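Asker: According to Swiss-Prot:
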BINDING   Gly30, Asp31, Asn32, Gly33, Ser34, Gly35, Lys36, Thr37  ATP binding site
Amino acid sequence: MSLTRVSVTAVRNLHPVTLSPSPRINILYGDNGSGKTSVLEAIHLLGLARSFRSARLQPVIQYEEAACTVFGQVMLANGIASNLGISRERQGEFTIRIDGQNARSAAQLAETLPLQLINPDSFRLLEGAPKIRRQFLDWGVFHVEPRFLPVWQRLQKALRQRNSWLRHGKLDPASQAAWDRELSLASDEIDAYRRSYIQALKPVFEETLAELVSLDDLTLSYYRGWDKDRDLQDVLASSLLRDQQMGHTQAGPQRADLRIRLAGHNAAEILSRGQQKLVVCALRIAQGHLINRAKRGQCVYLVDDLPSELDEQHRMALCRLLEDLGCQVFITCVDPQLLKDGWRTDTPVAMFHVEHGKVSQTTTIGSEA
């Protein structure tokens, strides 16, 4: 799976541009502030209908423009081309089109174009709140388990109903019990999918990490969000009074976490910034391998400022792992010489220079294997 064409209009400082990227490695280079990251942001918009740089829409849309648009053609794993498009307006409205038809949700984009982002904010996967690690986990499950999304939607609905009742007390006991049962059933299914995914992810992650850095004491464990020896419905019943006092449900898969520890301690508190980056990269590359194994296509990797925090040895090791995935990669950097020679001679590498928002292809190296 790869993007064969990307057209961008009115995204930040970028001039209107149509790119024909390599199916494998694409390096975008230029000075800081030139617009390199904005190219990755445009692709991210195309795949997820949102920016990774801003929760607000306004900064993404070019000054004095009413909307930004991104179109792309994706070559799917079955060899069929799919056309994607997204337009986002200043008022917040957005239109998603897939093969000429309006899409119902951003989930359809995500399924068609799986994206993995590695950028300076990726440290939050280790340092941030459990919600960030749940999102990482659920992204992986979503892309390998087609039954996950409808169950996750059931869970969210049941959780909203229960939390509303906890705050306002407007459900009769029978309705309350029914929603507790639904929440418990959906939670057990979500837990099973997550647990199965972690069991598959751990050995791939450990093997990938070993290629990057020696951290033998680093462990990955899963906490499901409630006592592993108790049924959730019992936990909900016993914690009802406290939940009412707090105004929300305190136990359940919405409290799950992926715990990353080194010698028994929170890894984020011990690892250097460079080591943290390598751990995050290993996690995201491992996810890519699982998607490949599930035969649901391949990820497209967006790697912002790959050289930062890494010495040459680790930089080259990371390039090799990305290359071995056999997927499409977009990488930004200031100095292209740091990455230009990190690939095999038969790997197609496209180089794009970005200057003051203008993107121009400068070189294509190698040929598709």
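Count begins at 1; order follows the chain as displayed.
Using the three backbone atoms N, Cα and C, a Cβ is placed for every residue, glycine included.
From a predicted model like this one, the values you see are computed outputs, not experimental measurements.
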Asker: Is it possible to get the count of other C-beta atoms within 10 angstroms of the C-beta of Ser34 (ATP binding site)?
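Answerer: Neighbour count, Cβ to Cβ under the 10 Å cut-off: 22.
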Asker: Quick check: which same-chain residues outside Gly30, Asp31, Asn32, Gly33, Ser34, Gly35, Lys36, Thr37 lie with their CB within 8 A of the centre of the ATP site CB atoms?
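Answerer: Output for this site, in sequence order: Thr332, Val334, Val354, Glu355.
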Asker: Can you see whether DSSP assigns Ser34 (ATP binding site) to helix, strand or coil?
Answerer: coil
Asker: If we count other C-beta atoms within 10 Å, could you say which of the binding-site residues Asn32, Thr37 has the fewest?
Answerer: Asn32
Asker: Go through Gly33, Gly35, the listed binding-site residues, and name the one with the sparsest Cβ surroundings, counting other Cβ atoms within 10 Å.
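Answerer: Each of the binding-site residues Gly33, Gly35 was scored; lowest Cβ tally within 10 Å is Gly33.
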Asker: Once near-sequence residues are set aside, which residues in the chain of Gly30 (ATP binding site), 6 or more away, have Cβ atoms under 8 Å from its Cβ?
Answerer: Lys36, Val334, His353, Val354, Glu355
